[in-house]
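What TrEMBL records for this protein:
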COMPBIAS  365-376  compositional bias 'Polar residues'
REGION    354-376  region 'Disordered'
SIGNAL    1-18  signal peptide
TRANSMEM  48-68  transmembrane segment
TRANSMEM  88-107  transmembrane segment
TRANSMEM  119-137  transmembrane segment
TRANSMEM  144-163  transmembrane segment
TRANSMEM  175-195  transmembrane segment
TRANSMEM  216-235  transmembrane segment
TRANSMEM  255-280  transmembrane segment
TRANSMEM  292-311  transmembrane segment
TRANSMEM  317-335  transmembrane segment
Amino acid sequence: MAWTKYQLFLAGLMLTTGSLNTLSAKWADTFSAKGCKDNPEHSFSHPFVQAVGMFLGELSCLAAFYILLCHDRRRPEPKMNPASFNPLLFFAPAMCDMTATSIMYVALNMTSASSFQMLRGAVIIFTGLLSVAFLGRRLLTSQWLGIFITIVGLLIVGLADFFSGHKDDHKLSDVITGDLLIIMAQVIVSVQMVLEEKFVYKHDVHPLRAVGTEGFFGFVVLSLLLIPMYFIPVGDFGNNPRRVLEDALDAFCQIGHQPLILLALLGNTVSIAFFNFAGISVTKEISATTRMVLDSLRTLVIWVVSMGLGWEQFHGLQVLGFLVLLLGTALYNGLHRPLLARIPCCAGMVTEEEENSSGERERLLNNSTVQADAES
């Protein structure tokens with residue numbers, strides 16, 4: 001069935017804003033400007049400030065939820081269910097989101113935008129393993145195969161960074177560290193997803209409310225943590241003049257000297273808000289499978305735009321790694337089943353067990369919140 005104009009708009013909005021989210025964050029990292037007290041010009045390296053902006057974008061989803069709720073109440077037959085729930089259920093997932101997002105913004109300073117996006121595909125490995133260990137789920141053969149292929153894809157992307165890191169704007173040691181940090185962050189994201197599935201989804205919370213509530217906790221806690229971070233020395237790890245964990249004042253001074261940094265940060269905040277809305281709407285209006293496909297396609301967009309802007313060079317191994325990761329993600333999420341079902345000789349391979357598992361996965365995706373990471 002052909003898509004409507006509204007569905008095409010939603011798909012385009014999700015692909016565009018999802019790509020802008022990573023590209024705007026990387027754009028901010030490319031700037032250099034003077035800091036406070038006439039500090040010499042230095043690169044804008046403030047991952048925790050960027051993470052606060054990302055959570056502000058998620059928090060705006062809470063405002064969108066209440067706007068939709070008020071609009072829905074004016075209808076003769078309200079459709080939204082504002083059932084009461086304990087917001088503290090979202091605190092633990094929000095802290096996982098905060099930790100993972102902060103780590104990934106640190107890593108984005110060290111590696112390329114395309115590798116950053118590709119390596120985030122590691123989340124299916126740890127989510128699958130944790131769901132087996134803590135949720136008692138049984139993975140299908142195709143899902144185990146998808147996990148294995150994803151591991152191979154990650155190794156290929158890692159090799160591409162190893163052989164090409166010194167040719168780009170990053171030192172090889174930084175690239176390797178950044179890649180490892182991204183993978184470590186996916187472990188935390190997986191814990192977040194398992195916590196959400198175990199304790200949150202059974203309460204039938206609207207996705208916009210879930211995203212907004214996690215954004216609220218992440219924004220408040222990380223904003224408060226910026227205060228002690230200003231005084232914690234970390235040596236060369238702190239890529240700022242005072243060599244502290246995060247110098248928020250230096251970030252504001254750099255923004256004052258180079259207003260384009262503010263534009264990049266606003267792009268990150270606004271894009272994550274619209275990306276959340278578009279992702280939820282695509283799941284509702286089209287399907288969760290389409291959402292997964294679009295989420296994979298934005299990796300390709302980020303890679304092409306990064307090369308067009310001269311942020312990175314073409315590397316054949318990276319292309320191969322992307323294709324392998326795409327194949328692993330497709331197998332894990334069951335995107336191969338509709339294709340097999342159309343082939344007479346393979347139709348029997350789609351067993352009743354697989355169909356039930358596919359339906360369960362669709363339900364989980366329909367209830368899932370969007371990863372910011374930072375989607376997120």
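Positions of Cβ are set from backbone N, Cα and C atoms, glycine also.
Within its own chain, the transmembrane segment (255-280) is flanked in space by residues 10, 13-14, 17-18, 20-21, 24-25, 27-28, 31-35, 44, 49-50, 53-54, 56-58, 60-61, 64, 207-208, 211, 291, 295, 370, 372-376, which lie at least six positions past its ends and keep a Cβ under 8 Å from the stretch.
Listed as Cβ neighbours of the transmembrane segment (317-335) (distance under 8 Å, sequence separation of 6 or more from its ends, same chain) are residues 114-115, 118, 121, 124, 128, 142-143, 145-154, 156-157, 159-161, 163-164, 289, 292-293, 296, 299-300, 303, 354, 357-358, 361.
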